[in-house]
Each structure stands twice: as structure tokens, then as C-alpha cells.
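Note sheet for the following structure.
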Amino acid sequence: MFTEIEDIKKLDIRSMMFDELAVWVKAVGQPAFRAKQIFEWVHEKGIADAEEMTNVPKKLIEEIKKQGMHGVEEVTRLVSKQDGTNKFLFRLQDGNVLESVLMRYKHGNSVCISSQVGCRMGCRFCASTIGGLIRNLEASEMLDQIYAIERITGERVSNIVVMGTGEPLDNYDNLIRFIRIINDERGKNISQRNITVSSCGLVPQIKKLADEELSITFALSLHSPTDEDRRKLLPIANKYSIAELMEVCRYYFEKTGRRVTFEYSLVKDENDTPEHAYKLAELLKNMHGHVNLIPVNPIKEREYCRSLGDSVEKFKYILEKKDINVTIRRSMGRDIDAACGQLRRKYEEAKETF
């Protein structure tokens, strides 16, 4: 958090934490209570435009406009006929586009948000990384994905997964700012326990995240029990070994008391054999964690194929027999390409044809 007004003025209004907003309000010559009013309008009500602040004086609204309030604008929305999943393509103020997904469950609505425009991690089976990283998202642009979905649907979001386009820990400062604002009781007040952050394995940042004293769920994109196979799927594995990942995951559990989720995307004939399952069980036998099996979504730019149903069930059975806590992730919105990066990729390709 910033304390000096020179630093705070580099932020747009939606990206300011409450105490920063209070400093800014004072700096523009307004009484302290205006900070609470603005924060509630922006974050509790999730407004799109400063003009909607009906109890804020015109002079202050002009100052807010001058400072800026960055957000997203809907380009298109796809609705799954299978399960009602909504996939949104949003445009940012600089013209870049990103994706967000609304998934409806019995326990509430969950939104998967993006943390970057593009991604530089290069994971072989992911559409998000095609074209590389364009830029990081600001905290405001992460927040407004949630606010915009609530505005469009009229439904409340209760759970957040930061698993869309981008590597969240590669945009660390904006990620932490996003979490603290969305958790603020003066705003949406979404419980940290209802927030999941995924990473492909940036070891120093995972350790740093553990030291933040947050109670979020951390999910590691593991995808292989051996360094040799993992390097084929995730370039980051050339920098950080599985041994280093297990060590930092133990540290995360010790610091937070929160078990780690190990994401495992099953790719046909690459990492879905019984041998892989036995090796994974051996790797995780003393870890406080949970395995989430994900049959990979095929994309046309990659050769990888989705694991067959029998292979997935057999993989799960082996882990269970070895006392590993495991589930198969329910596939949501397959008929609308709900996997991260796919809709944005189609949009960019369509633009290139004109």
C-alpha cells in the first residue's frame, strides 16, 4: 500500500485501497467521509461510471474523472447450452481484450478472471500463451471483471478463481492489491477463503505469497510428477525443479494452514498413464494437499489431445488407492470454448482477416 500522495496519484480510483483513497480525498480538498462514499460506490455497488455517484458533489466527480477509473467493457458473451456457463470477452480502455467466465454452482456463483493480457509462461497446452505477454492488468481491471459480470447478469459473485489468461504471480503487486480490495468489508467483502490463485510455479513469488498472511487457496499447476516430463509441458520447469516446488508448497502450508491444490491437466499419452499416477502418488504422499484432475481442452494450434474417460478414471482410482485426496474437475462450458484464452484467440484471428 502507498502512503505518499505522489505514489497514490499514479493509481486510478478503482485501484486504490481504502486508506490510499482517504489520502487522495484529503489531497483534493474534500472531507474525510467522502472516501467511504466513493469506496462504497466503486466497490460495493460496482458502478461503471463516476456520474452514478448521486451523493457525491459534482466538483469531486470531476476530480474522480480526472484521476480515472479504469475498467472493462463487454464485447460479447457466450452462454453454454449445456450448463449455463457464461463466457465474457471484455475490452480494456487501450483496446486490448480479455476473457472472464461465470460458472453457476449450487453453492453460489464463481467467476474465473484474467490477470494479464496474454502470458509469457509458454505452457504447451494453453491458448493464453499464444502470442506472448502484452501487458499486466491493473487491479482495477481485475476487479471490474467481477463488477461488470454482476452488472450484466444482476447476480452476486461469491467465489473467485484467478485462473484465466496470465500468470497471476507474474503480476504480483496488482494481484495482492486486487485481493485486499475485493476482501475489504466496505466493498464486496468476498472472503479470502473463497478466492483461489493459480500459478505454474514461480517459487520466489509463492514463498512471498505465503508470507502475506492471506487465507486464500493456492493452486499449483503441476501437470507432471517428474522434471523430465514437466519440462516438456511447462518451460518454467527448466528454472524451478519439482523438489523446489514441493519445498515451497510445504512452506505455504506451514505459514497459512491452507492445503495446496495440485492442478493436473491430463494430456493423452503425455502424462496420463498409470505409471504417471503411481509416481504422482509417491510425490504427494506426505503433502497436505488435494489433486484436481483436469482433462485438457484441445486447441487447434497445439497437437495435444484430451485424455479418454477410462484413462481419467483409472488415474483417479490409482491416486485414491494410494490415499491421495483427488477429484476430477467438472468440465464447464465446453460447447463455448470456456477454457482460458480460446475466445480471445478467435477474436484476434477474426480481426486479422479484415
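Glycine is treated like the rest: Cβ placed from N, Cα and C.
Positions annotated as active site, proton acceptor by TrEMBL: Glu99. Here the Cβ of Glu99 (active site, proton acceptor) has 27 other Cβ atoms within 10 Å, regardless of which shown protein chain they belong to.
Per TrEMBL, domain 'Radical SAM core' is recorded for 105-335.
Counting only same-chain residues at least 6 apart in sequence, those with a Cβ under 8 Å from the Cβ of Cys123 ([4Fe-4S] cluster binding site) are Thr129, Cys200, Ser221, Leu233, Leu234, Pro235. According to TrEMBL, the feature [4Fe-4S] cluster binding site maps to Cys119, Cys123, Cys126.
The S-adenosyl-L-methionine binding site feature in TrEMBL is assigned to Gly166, Glu167, Ser198, Ser221, Leu222, His223, Asn297. The Cβ of Leu222 (S-adenosyl-L-methionine binding site) has Gly201, Arg230, Ile242, Leu245, Phe262, Glu263, Tyr264, Leu280 as same-chain neighbours under 8 Å, each 6 or more residues away in sequence.
According to TrEMBL, the active site, S-methylcysteine intermediate annotation covers Cys340.
DSSP assigns Asn297 (S-adenosyl-L-methionine binding site) to coil in the three-state reduction, outside any helix or strand.
Highest local Cβ density among the binding-site residues Glu167, Asn297 belongs to Glu167, counted as other Cβ atoms within 10 Å over all protein chains shown. Between the C-alpha atoms of Ser198 (S-adenosyl-L-methionine binding site) and Cys126 ([4Fe-4S] cluster binding site), the distance comes to 14 Å. Spatially, by CA atoms, the recorded positions Glu99, Cys119, Cys126 include one closest to Asn297 (S-adenosyl-L-methionine binding site), and that is Cys126.
Residue environment of Gly166 (S-adenosyl-L-methionine binding site) contains 31 other Cβ atoms, counted within 10 Å of its Cβ in all protein chains. With His223 (S-adenosyl-L-methionine binding site) as the anchor, the candidate recorded positions are Glu99, Cys119, Cys126, and the one with the nearest CA is Cys126.
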